[in-house]
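According to Swiss-Prot, the protein has these features:
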| type | residues | note |
| --- | --- | --- |
| DOMAIN | 270-325 | domain 'Laminin EGF-like 1' |
| DISULFID | Cys303-Cys323 | disulfide bond |
| DISULFID | Cys326-Cys335 | disulfide bond |
| DISULFID | Cys402-Cys411 | disulfide bond |
| DISULFID | Cys431-Cys447 | disulfide bond |
| DOMAIN | 505-673 | domain 'Laminin IV type A' |
| DISULFID | Cys708-Cys717 | disulfide bond |
| DOMAIN | 708-756 | domain 'Laminin EGF-like 5' |
| DISULFID | Cys710-Cys724 | disulfide bond |
| DISULFID | Cys738-Cys754 | disulfide bond |
| DOMAIN | 757-811 | domain 'Laminin EGF-like 6' |
| DISULFID | Cys779-Cys788 | disulfide bond |
| DOMAIN | 812-867 | domain 'Laminin EGF-like 7' |
| DISULFID | Cys814-Cys833 | disulfide bond |
| DISULFID | Cys870-Cys889 | disulfide bond |
| DISULFID | Cys921-Cys938 | disulfide bond |
| DISULFID | Cys952-Cys964 | disulfide bond |
| DOMAIN | 967-1014 | domain 'Laminin EGF-like 10' |
Amino acid sequence: MSLFSCLLLWTLWAACSHGAMDECIDEDDRPQRCMPEFVNAAFNATVVATNTCGSPPEEFCVQTGVTGVTKSCHICNAADPRLHHGAVYLTDYNQPVQPTWWQSQTMLAGIQYPNSINLTLHLGKSFDITYVRLKFHTSRPESFAIYKRSSEDGPWTPYQYYSGSCEKTYSKNNRGFIRTGEDEQQALCTDEFSDISPLYGGNVAFSTLEGRPSAYNFDNSPVLQDWVTATDIRVTLNRLNTFGDEVFNDPKVLKSYYYAISDFAVGGRCKCNGHASECVKNEYSKLVCNCKHNTEGADCNVCKPFYNDRPWRRATAENPNECLPCNCNGKSAECYFDPELYRATGHGGHCRNCADNTDGPKCERCLANYYREASGQRCLSCGCNPVGSLSTQCDNTGRCSCKPGVMGDKCDRCQPGYHSLSEAGCRPCSCNPAGSTQECDVQTGRCQCKENVDGFNCDRCKLGYFNLDPQNPQGCTPCFCFQHSTVCESADGYSVHKITSTFDRDDEGWKGKQRDDSSVPVQWSPSSGEISLISEDYFPIYFVAPDKFLHNQLLSYGQNLTLNFRIQRHDARLSAEDVVLEGSGLRVAVPLIAQGNSYPGEETQTFVFRLHDTTDYPWRPTIKHADFQKLLYNLTSIMIRGTYSAQSAGYLDNVSLVTARRGPGTPARWVEKCTCPQGYLGQHCEQCDQGFRRSRPELRRFSTCERCNCNGHSDTCDPETGMCNCQHNTAGLSCERCKDGFYGDSTVGSSSDCKACPCPAGATCAVVPKTNEVVCTNCPTGTTGKRCELCDDGFFGDPLGEKGPVRACRACSCNNNIDPNAVGNCNRESGECLKCIYNTAGVFCDRCKQGFYGDARAANVADKCKPCKCSPYGTVDRQTACSQVTGQCPCLPHVINRDCGACELGFYNLQSGKGCERCNCNPIGSTNGQCDIVSGQCECQPGVTGQHCERCEVNFFGFSSSGCKPCDCDPEGSESAQCKEDGRCHCRPGFVGSRCDMCEENYFYNRSTPGCQQCPNCYSLVRDKVNQQRQKLLDLQNLIDSLDNTETTVSDKAFEDRLKEAEKTIMDLLEEAQASKEVDKGLLDRLNNINKTLNNQWNRLQNIKNTVDNTGAQADRARNRVRDAENLINTAREELDKAKEAISKVDIKIPTTSGDPNNMTLLAEEARKLSEKHKADADQIEKIAKDANDTSTKAYNMLKKALDGENKTSSDIDELNRKYLEAKDLAKNLEKQAAKVHAEAEEAGNKALKIYANLTSLPPINTKTLEDDANKIKKEASDLDKLIDKTEKEYNDLREDLRGKETEVRKLLDKGKTEQQTADQLLARADAAKALAEEAAKKGKSTFQEAQDILNNLRDFDKRVNDNKTAAEDAMRRIPQINATINEANDKTRRAEAALGNAAADAKDAKAKAEEAEKIANDVQKGSAKTKADAEKAFEDTMKLDKDVDKMMDQLTAAEKELEKKKAEADTDMMMASMASDNAKDAEGNARKAKSAVREVLNTINALLGQLGNIDKVDLSKLNQIDNALKDAKDKMAGSELDRKLKELNDIAKSQEDMISDYDRQIQEIRADIANLNDIKNTLPEGCFNTPSLERP
């Protein structure tokens, strides 16, 4: 196996071991394994050799290997620098051109087995050795060994043996191997490098891990980790290799055998066990690791003093195994590793010298009689009281162990309930637990009583209190007695009772309520047996208790209200009013977490609230106990908050209220029995005694009792209300007034104090103080007056019958057509309505006023009387009144509708004021008999005119129900455009036909002379003969007719005579005809030919004329369409100008309040309307464009049909086809522009609506956004204006093209298009080639990168390993080859990228890629510069660089310079692209010149066609002239160099094809080069299969 392959294997191993790591922490500041860089540890290191030539000087000869050849001999002199070969040359810089070497004495001096030579290399520090390499200047030894020491004072361990006689020399098997499980630190022996050849430059490389089974599990193999560790390397040279000629003892032969080594290299890393990324020299110039991971030592082989929490370990790829700090709780900075502690706890750091009175492996505990303070920082002295404590040691909180009855942290005082501290402790107090706090005076023993308790031992209630209860924090309950007594006691016969709601069957009457008292439904769950409330917002919702929990709950004072409650979400926001009680005009509330309750959560919890006024139960506001009891006595509401956040729910269950009731059971001792003062009765003094009443009945039982007072009209009164049982027509609480219907002073005290009132129906009355007049005060409804003798306002009648019979007062009936708040709506006597409203009138407002109509009695005001609103033009005498029922106005003749505002069908002129006039439309000439309501113009059939559609239009005829037909008289053949009634035109002389569009016999049409011209005289003879024959035929016909019509009988003889006569006549005619035929036969033949020719030419010219006429008509229509489109565009532009002007005038002001945004609404509405109008305009433009497209299509089809088969005018068809396509394209563009205008109009409308929507949401208004929107709309309007200008220009271009009607031949341009298509195809191929080239470039760059990596490895190898000369030369030979291949591939890739396509855009792309390549080259150059700088530094540190490496660097620099040419070549390609663009422009100019030439030829052809159309007689010479002119035109066309220009274009296209082919070829070459690079890559070995062996010396 080659040395190079072995080194690659080691490179792979180093990469797998992350050997190139530079940092000991990763990007997340986490520790990771790190190692120093891979170096040649032997470089410039001192080697001690046990034998060296030159002392004294001696001669040695160079071994040639050929017997009998004169040997080349030299002198080795240690004193001469030029001739010495000391051990210093073993580790210097190896230069193949000027080699240096160490050399031993020759065999002549006794250097041969068993004598051996040792070469000892001291590394100065332990290294992880990867390989040891020796490069021999002579032939390699027959036997030598490599040893190593793991420490500077350790034993030598054999590394590897090399021998041609392994068993004989080293007692080792030749090429042995190590099996799994065997000792992997044994040295092996091999004969692989023991041949005598080569005689010069042989390499021997030993890989320390090769052949070791655990090499691929190196991180977990301590054996191999120790195996590769070395501080010293020794090479022992045991036996020289010879040819056997030494047996002759020839001095010259013996002088040719010696040891010589030119390079001694040791590859490895400074050993830092994965905890350092570099080794540095310390203050003693000794090489040590710059340790990280809290490690130290020369090899980072121990943890720092305070980092011993786990045992030191070597870092691995999976675990950096950094040393961890000891946990001394901040009490020590010293620790050591305790293996036992580590095995027991997993933490081995044992702290030393703990501070702050602490102790333990982690300083985690305090010293005896010390405790740790609350902050945990230090330990404090316990300080226990010796009298009161049981021990001097306290607990972790500093509390001492106290004697009975003693308390305090230091046991220095008595506990509550104890007193008199002594050696025996404290004595207990004798306090009543129900009335005391269980504490007493520590000196006297007097008990501390609860708030409402008294006595030395707190065993009795204070005055005004009762029921000494241990559960009562105040001890005793205050007497209530409705505040009428302060003396009470516990009542007998009452037991404990609970009012509950368990919600087992329903919600039991519980309700939900918000703060605004609005009701919220309560949800009851039968499955969970609970009720719930759900909120949508943060406003709270309360559960409201039903009646059974309310009213008199006085017996619940001091007792508990209990409930189970949970919430849906945990984010509850509590308040001060979570539980609310209301009653007797009082209101108290408490938070849910008051009185020691927990915070509500998603789990059900029990909440307990004591109904008491003490401050321990913080009901707010704070009220006295009497008020709290008063509240409970008349409890009107219990509310429990159910929701505490938005979108949440609260769940309530098991509500109970403790109270008391009479009956057996657990005694309720909190029920009072009062001792009442005089005037009071009842258990709670809640009643007044006989003869007493409430002084303030509204206070009910809280009112004091006083004696009854009835002003002498009663002896008794109601004890609760104080109401007297009044007599003598008196009334009132104390009989202090007369009852209704009576008057007088009841306080006098006599039985006649009150008298009856003089009023009807028992009405009440009063006495006027000044006049003592009795006045009725409560008259019956509808009456008024002192004695109720008058009808009230709004009523009528005669209640006293003063004006006739008695009539009771009744309400006036006005059909709800009066103002009920008005006064005097009707007459009080008759009931007539006086103030009718809603346009009504009448006694009872039961009809509409004049000029109004409708139902005055309608219940709905809108259905009552409405104004007539008669039309003044259509109403009789311009009346304003109408039918009050139907609203119909009186209409003039032939006027209709309710308001007389329209004419009948077939009538008009409503504004005349005299009625409508009949249209009188002609039933034949009009469409429907109707006319314009203002002008009276009838709707006419096509071609019909006149106000009544009674006649045909000018130049029309055939008046009928379908309209009039156009005369369509030929303008040249008719005297006028108007025809006769039968449609026949008035013809000019020589013209015939209904349209005067044909010449009569013996007349012909000549385009050069107006009108039909008479044929030559020769045609007159023919015409005369024809007329004679026609006359004879006519005579014959007349004869036959006369025979049929005659009444006379013709005899057979006469008939035969006449028949013979006729036959004779016919034969004469036949003979004359035959004679004429013979005479004029030649003339007829010639005439027939001429006529045939003329007919063909005439038909052809007529077809052309029709085509031109149709084309002109189509062009006119298209021009009209274009004109219409221009008008629409102008209109759109005007509208846009208006829109821009309106937008520019927009001044959006911020309203000072949130007022009405009507102005902005109007603006948005106007913008929306404008956008809709633009949309309509765009639709119209689109329609016109479509019509123009259809027109162009129709024109194209007509022209194509007319010119089909005409070879000479095929160019015309092509040009018209082109025109059609251009018109179609323009129409499509117009449609697109219209669609764009349409879309922009819609977008403007949408934005306007959006502005409107935004404005309607004011306030606030973001003026900045509005200004931006306005500016944006302005910009869009400006863009739209530009778009319209562009569209107008396109329309102008189209119009000019249509006006020109030039039939230009574009064959050249068509061929140019074909060439363009070919070029497009070529460009497509170029694009495909570009894609392939880019992919190839990508692969080439990837291969380049891989080769560059290999090059870097080789460079690093050459710099640091300094292999033997043969391998180095081989590597150097391969490096230029690889670089040359890479450079060539990159150069071709660059050329392919730069040359793909001949367009400027492709050249720009190529230039960009060239710049990128230049950047890559610059990067490579920078890397090379750095390498060069490193080399220069190495040169300064040592002696000089190897010239071969310089040569390699020169080759790399040349490659970089070659890459720099890339940009220049890309610029050249840019210039070539520009030239190609210029060529394309020249081709376009040539095409234009060809177009001009074709146009000129076309004009000539048109002139010839014109001459053909002006033939006045057949002239063969003229036809020959035309033929010659046509040939001249063809020659002229041929002289226009069209063929040459076409050939030039073809040549350009062929050149482009050649360029593309060249690019394809280059791409194929690039692919081949890439394949070659891949082959080179694949030939690099991936492993080393040497099996070296070592043995101990």
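Placement of Cβ uses the backbone N, Cα and C atoms for every residue, glycine included.
Between the CA atoms of Cys938 (disulfide bond) and Cys952 (disulfide bond) there is a gap of 14 Å.
Here the Cβ of Cys335 (disulfide bond) has 25 other Cβ atoms within 10 Å, regardless of which shown protein chain they belong to. Every protein chain shown contributes to the tally, and the Cβ of Cys788 (disulfide bond) ends up with 21 other Cβ atoms within 10 Å.
In space, Cys779 is the closest of the disulfide-bonded residues Cys779, Cys870, Cys889, Cys952 to Cys833 (disulfide bond), judged by Cα positions. For the pair Cys964 (disulfide bond) and Cys779 (disulfide bond), the C-alpha distance works out to 93 angstrom. Annotated pair Cys754 (disulfide bond) and Cys431 (disulfide bond), C-alpha to C-alpha distance, rounded: 72 Å. Cβ neighbour count within 10 Å across all protein chains ranks Cys303 highest among the disulfide-bonded residues Cys303, Cys779, Cys964. A strand conformation is recorded for Cys402 (disulfide bond) in the three-state DSSP classification. For the domain 'Laminin EGF-like 5' (708-756), the number of residues in each DSSP class (helix H, G, I; strand E, B; coil) is 3 helix, 12 strand, 34 coil. Taking the Cα atom of each, Cys738 (disulfide bond) and Cys814 (disulfide bond) are about 42 angstrom apart.
When the Cα of Cys708 (disulfide bond) is compared against those of the disulfide-bonded residues Cys303, Cys335, Cys870, Cys921, Cys952, the shortest separation belongs to Cys870. Under DSSP, Cys952 (disulfide bond) is assigned to a strand (E or B) in the three-state scheme. For Cys952 (disulfide bond), the same-chain residues that are 6 or more apart in sequence and have a Cβ closer than 8 Å to its Cβ are Gly943, Val944, Thr945, Gly958, Phe959, Cys964. Over the domain 'Laminin EGF-like 10' (967-1014), the average per-residue pLDDT in this prediction is 87.
Cα distances from Cys814 (disulfide bond) to the disulfide-bonded residues Cys326, Cys335, Cys402, Cys724 are smallest for Cys724.
Taken through DSSP, the domain 'Laminin EGF-like 6' (757-811) splits into 3 helix, 19 strand, 33 coil. Cys411 (disulfide bond) has Cys431 as its nearest neighbour among the disulfide-bonded residues Cys303, Cys323, Cys431, Cys724, Cys870, going by CA to CA distance. Taken residue by residue, the domain 'Laminin EGF-like 10' (967-1014) breaks down under DSSP into 0 helix, 23 strand, 25 coil.
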